[in-house]
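Here is the structure we will look at.
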Amino acid sequence: MSPLKIHGPIRIRSMQTGITKWKEGSFEIVEKENKVSLVVHYNTGGIPRIFQLSHNIKNVVLRPSGAKQSRLMLTLQDNSFLSIDKVPSKDAEEMRLFLDAVHQNRLPAAMKPSQGSGSFGAILGSRTSQKETSRQLSYSDNQASAKRGSLETKDDIPFRKVLGNPGRGSIKTVAGSGIARTIPSLTSTSTPLRSGLLENRTEKRKRMISTGSELNEDYPKENDSSSNNKAMTDPSRKYLTSSREKQLSLKQSEENRTSGLLPLQSSSFYGSRAGSKEHSSGGTNLDRTNVSSQTPSAKRSLGFLPQPVPLSVKKLRCNQDYTGWNKPRVPLSSHQQQQLQGFSNLGNTCYMNAILQSLFSLQSFANDLLKQGIPWKKIPLNALIRRFAHLLVKKDICNSETKKDLLKKVKNAISATAERFSGYMQNDAHEFLSQCLDQLKEDMEKLNKTWKTEPVSGEENSPDISATRAYTCPVITNLEFEVQHSIICKACGEIIPKREQFNDLSIDLPRRKKPLPPRSIQDSLDLFFRAEELEYSCEKCGGKCALVRHKFNRLPRVLILHLKRYSFNVALSLNNKIGQQVIIPRYLTLSSHCTENTKPPFTLGWSAHMAISRPLKASQMVNSCITSPSTPSKKFTFKSKSSLALCLDSDSEDELKRSVALSQRLCEMLGNEQQQEDLEKDSKLCPIEPDKSELENSGFDRMSEEELLAAVLEISKRDASPSLSHEDDDKPTSSPDTGFAEDDIQEMPENPDTMETEKPKTITELDPASFTEITKDCDENKENKTPEGSQGEVDWLQQYDMEREREEQELQQALAQSLQEQEAWEQKEDDDLKRATELSLQEFNNSFVDALGSDEDSGNEDVFDMEYTEAEAEELKRNAETGNLPHSYRLISVVSHIGSTSSSGHYISDVYDIKKQAWFTYNDLEVSKIQEAAVQSDRDRSGYIFFYMHKEIFDELLETEKNSQSLSTEVGKTTRQAL
């Protein structure tokens with residue numbers, strides 16, 4: 001099997017389509033216009049998917065999958081992931097080597113395999129037409145006899161034996177993969193030959209049209225450094241050359257070109273190769289000609305070839321742009337530095353930037369959020385989890401303006417729930433973190449609640465679907481932990497357990513004693529879990545005193561610790577920041593706070609087993625939940641705060657009064673025979689959209705004021721949302737609360753007020769004489785229907801026209817007033833932003849000098865210090881550097897508050913990047929590299945929130961990343977050695 005077309009089960013994952021199922025198909029490499037692409041074909045048919053590979057490969061991984069089979073996994077720059085399984089190991093290895101060569105930009109246009117280069121030729125065919133090649137070959141035959149007389153036939157025989165082998169099209173005797181067999185013969189002369197390309201443009205065009213057999217024969221002879229041509233018969237020296245010989249050959253070629261004796265000098269330089277061509281072998285190497293691989297000497301066909309065709313000019317231009325292997329490349333560090341860009345400060349939003357950078361650095365958290373196939377189009381546009389994920393995906397690949405816009409959307413999503421974050425005043429980073437995590441959990445709960453009840457067509461018999469349909473909440477699997485509080489009666493020993501879930505722990509600063517060294521985060525954590533006495537009435541014995549112990553019942557992957565760096569001054573009624581020095585250890589241990597029943601953190605594979613990876617079908621990518629005729633319509637649980645806003649405008653109070661008046665007048669014209677019966681029907685059918693006839697024939701005159709108001713609201717709500725016929729039941733409705741755009745910046749749907757698709761009951765029996773149908777829309781943009789068959793038709797129309805004119809006048813006045821209020825509000829907001837920014841800068845500058853605090857600080861006055869034995873203290877000290885104790889956690893991020901007061905200052909974040917295996921400081925938009933020791937020493941007085949990852953989870957992630965990088969490095973070395 002050709003290594004450039006491999007077959008097996010294929011799975012694709014991307015942000016647009018989610019994760020697809022395994023389907024039989026093939027990967028095929030196609031080269032076109034100096035670009036290499038991967039074409040995915042499925043055996044079931046359909047349109048092939050094409051992925052560009054040139055400058056787009058992020059990682060290539062090959063893993064064993066059964067006996068003599070492998071799985072090839074390809075990651076692109078946009079985090080798209082392609083896998084093909086059950087591929088023969090040999091073919092998979094050759095494909096991997098080729099992809100790595102493309103990844104490392106070591107497969108330029110001038111060196112791509114052609115039809116004669118082994119097994120790659122069937123796919124990356126030649127660019128020269130067969131007709132042109134045949135013309136070249138026939139020309140070579142005609143010229144061979146004329147040149148034999150002047151050539152040295154002594155060296156011709158062994159060379160012809162090597163190149164005349166019919167099997168030379170794929171030189172299978174050379175060790176290595178398909179790439180190693182093809183590229184070495186081209187790279188040996190690429191460097192000196194490039195210098196001759198800029199000398200004579202006409203000559204280069206003509207040299208391009210020479211045959212592939214001429215080119216292949218020129219390479220060994222040009223590198224010949226002996227008179228008896230030993231290099232032609234020695235395989236180990238066949239593709240090696242002396243740099244000095246190349247330079248001499250190049251110099252001689254330039255002298256020949258300037259002397260004008262091109263045909264004669266060319267023939268004497270290359271010996272008798274032209275006369276010894278065997279076209280039976282040369283015919284299998286079509287279009288091996290390329291500008292970057294041409295020799296600098298003039299070709300023998302100078303006076304006989306026709307004028308260059310446009311195809312040759314096009315080829316020349318493409319290859320001339322490529323400068324070859326020795327082109328100075330931009331160092332990898334510069335690319336990383338370009339990607340390392342922080343978040344813009346929108347106006348005192350440093351607290352948000354610091355928290356987001358710390359959360360985004362949690363690799364397991366990001367994987368659980370992005371890689372389980374969450375149907376983003378099912379989630380409302382303004383939901384935090386959607387805004388959060390969009391920013392996480394785009395933060396390293398979009399420009400600063402787009403990133404700033406995404407940041408605003410994240411802030412607005414949180415401000416919609418917590419108004420204290422809506423302005424531009426300073427806020428506490430821990431409060432923002434708590435709000436963010438709680439809101440993400442709520443969004444996931446709402447998604448799972450809707451997802452469980454939604455039917456999925458065509459998946460009833462699928463073995464991949466388990467009984468529980470649920471997506472994994474990244475907050476629960478990574479950050480949430482459970483603590484069991486045991487209340488023990490000191491009189492009778494009765495134990496009352498109570499469990500509580502936390503996303504983080506707020507720990508106190510221990511009171512510092514002068515002779516002792518500074519306390520550490522470990523001390524504060526142990527202080528939190530110490531046993532304490534409290535007054536408690538025992539139900540069993542009536543005792544009044546109890547002891548409370550706290551133990552971990554379930555551990556998190558990442559433990560977040562919030563250090564209370566503030567104290568309340570009762571006299572001044574102010575919160576003061578505590579600048580006490582606190583040692584930040586590399587490792588923490590929770591072993592003394594765990595029991596034998598304590599559950600370990602969720603493993604990294606837990607999410608994949610528990611979450612249902614449901615591929616997004618075309619029907620699931622619309623902008624709303626689909627309403628099925630066989631099942632009731634389900635409302636998405638993300639609802640608006642005010643249900644009245646669904647059908648009424650903000651200034652619709654007068655309209656409501658008029659609707660009530662019209663309804664009362666209508667009741668006087670209606671009969672009273674079926675009023676009670678219709679009222680009962682209306683109360684029974686309240687979950688379903690009632691008929692117009694039922695609502696309008698209801699006994700309005702017998703209703704109370706509240707009941708009448710509710711009935712009129714029901715009519716207005718029904719008329720405000722357009723109903724669909726039975727023919728449109730299968731068509732989804734568009735809504736901003738249920739749509740997911742591909743880039744979150746799209747046009748709003750047509751019906752923004754429609755929350756769900758409602759089907760009106762079919763009206764089977766209507767008596768035009770018994771009632772009059774009145775329809776009034778809330779937006780007042782539609783024409784009102786006039787009643788038919790009523791006695792007061794003329795009076796009603798006149799009164800309605802007068803009311804309509806009055807309403808229009810009131811609407812204009814309200815609109816003008818609203819615009820004035822909006823302008824005033826915007827002006828006030830701008831003033832608040834400027835004032836807050838100036839105040840923040842002033843307070844920050846005034847407090848920066850005192851940011852380090854004082855050694856006189858003694859921590860919180862009501863908190864005692866922990867007492868350890870000498871052995872315990874020594875053990876904790878060793879564990880702080882090694883993490884050898886059970887249940888140890890490793891420091892991965894610190895959020896620091898710079899400033900002397902708790903009401904003002906600036907937040908920064910230090911995070912450990914597992915992929916780069918280095919620490920970085922994020923100061924809003926600025927990013928800088930920092931050493932871990934500097935983080936521990938520089939943040940000992942300003943560290944506010946600390947992120948610690950479970951050591952086993954950290955080691956597993958780090959090992960996976962190292963293996964991935966070492967695999968790429970090995971592949972690069974192997975490829976370079978082969979070249």
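Even glycines carry a Cβ here, placed using N, Cα and C.
The structure displayed is predicted, hence computed values, not measured ones.
Per Swiss-Prot, the range carrying the annotation motif 'D-box 3' out of 160-168, 394-402, 736-744, 745-753 is 160-168.
Considering SER26, SER83, SER650, the record held by Swiss-Prot lists SER650, annotated as phosphoserine.
As annotated in Swiss-Prot, phosphoserine applies, among SER259, SER520, SER652, to SER652. HIS906 (active site, proton acceptor) falls within a strand segment according to DSSP. Secondary structure at CYS350 (active site, nucleophile), taken from DSSP and collapsed to helix, strand or coil, is helix.
Distance between Cα atoms for CYS350 (active site, nucleophile) and HIS906 (active site, proton acceptor): 7 Å, as a whole number. Confidence for the motif 'D-box 1' (71-79), expressed as mean pLDDT, is 88.
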